Amino acid sequence: MDEIFAYEFMRRALLVVLLAGGLSSLVGFFVVAQRLAFAGHGVAHSAYGGLAIGLLLGTSPFWTGSLFAVAVALLIGWTTRKGRLPEDTTIGVFLAAAMALGTAVISQVPGYVDLFSLLFGNVLAARADEVAALAAVGGAVAFFVILRFHDLLSVAFSEELARIDGRPVAFLYYGLLVAVALVVMVSVRAVGVVLASALLVIPTAAARQLASGYRGVLGASLAVSLASGVGGLMLSFVWDIPSGASIVLLATLFFALSLAARPLRTL
């Protein structure tokens with residue numbers, strides 16, 4: 001292990017996966033609790049459009065992707081709450097439109113575009129300035145979730161009771177969607193657009209098989225997420241496979257093991 005992380009690019013990659021893993025487990029707890037997994041999937045894929053715009057304009061794809069993902073997340077939330085369509089239908093429309101926009105824009109970008117890394121991640125190529133930007137955004141997300149943790153927990157338990165209790169339900173709903181969008185963008189460097197939503201869902205899904213109570217689930221989710229990130233990063237380096245694939249496959253293995261272990265809890 002010491003030899004692997006002797007390289008500077010591997011240390012930067014480690015920081016990215018730790019950041020993405022920690023944030024994904026924190027926000028993913030509420031995503032699963034409020035049944036927003038498909039929303040996370042839709043926002044992750046929609047970010048492709050924003051990334052493509054950044055490449056075309058010659059600016060940072062991370063910032064244009066973040067703005068685009070936040071805008072799409074808020075539109076999904078507003079359309080779902082104010083419109084007549086079910087949430088999954090609304091998400092499907094925005095997902096398809098953003099992917100189509102991204103494909104059209106990418107076709108106009110001059111020169112070579114590494115679509116594979118964009119779609120499936122290449123954390124080994126993370127630059128120092130990218131790590132700093134990810135850390136800044138991640139810090140803002142963590143601050144919001146920690147500050148509003150008990151409010152978010154109340155809404156996850158019962159939105160109606162939270163509203164009666166005087167909690168700002170609409171603000172919390174939109175705030176969580178923005179947090180999902182930003183966590184997705186932090187995760188894109190590690191696992192790509194296609195697999196970013198997996199980090200939001202799989203660790204928490206595994207944790208819910210192994211633990212009870214929100215503290216136990218959060219702790220188990222964090223452990224699964226970080227183990228998947230670090231282990232997947234090492235496998236990516238040793239076996240020369242895409243980081244996104246190795247991280248998500250390892251997380252899926254933990255989920256499968258949690259399913260197998262769940263019956264043992266009842267013995």
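Positions of Cβ are set from backbone N, Cα and C atoms, glycine also.
Keep in mind that what you see is a predicted model, and the values were worked out from it rather than measured.
As annotated by TrEMBL, transmembrane segment applies to 12-33 (among others).
Per TrEMBL, transmembrane segment is recorded for 53-78 (among others). Note on the transmembrane segment (53-78): residues 39, 42-44, 46-47, 87, 90-91, 94, 98, 105-106, 108-109, 113, 118, 130, 133-134, 137, 173-174, 177-178, 180-182, 184-185, 188-189 of its chain, located 6 or more positions outside it, place their CB under 8 angstroms from a CB of the stretch.
The transmembrane segment annotation in TrEMBL covers 90-111 (among others).
Residues annotated as transmembrane segment in TrEMBL: 131-149 (among others).
Look at TrEMBL and you will find 170-188 (among others) tagged as transmembrane segment.
Long-range neighbours of the transmembrane segment (194-211) within the same chain, counting only residues 6 or more positions beyond its ends whose Cβ lies under 8 Å from a Cβ of the stretch, are 20-21, 24-25, 27-29, 31-32, 37, 40-41, 43-45, 47, 119-121, 180, 183-184, 187-188, 217-225, 228, 244-245, 247-248, 251-252, 254-255, 257-259, 261-262, 265. According to TrEMBL, the transmembrane segment annotation covers 194-211 (among others).
What TrEMBL lists as transmembrane segment is 218-239 (among others).
Within its own chain, the transmembrane segment (245-264) is flanked in space by residues 17, 120-121, 190-191, 195, 198-199, 202-203, 205-207, 209-210, 224-225, 227-229, 231-233, 235-236, 239, which lie at least six positions past its ends and keep a Cβ under 8 Å from the stretch. The transmembrane segment annotation in TrEMBL covers 245-264 (among others).
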Which listed stretch (131-149, 170-188, 218-239) has the most C-beta pairs under 8 A with the transmembrane segment (12-33)?
218-239
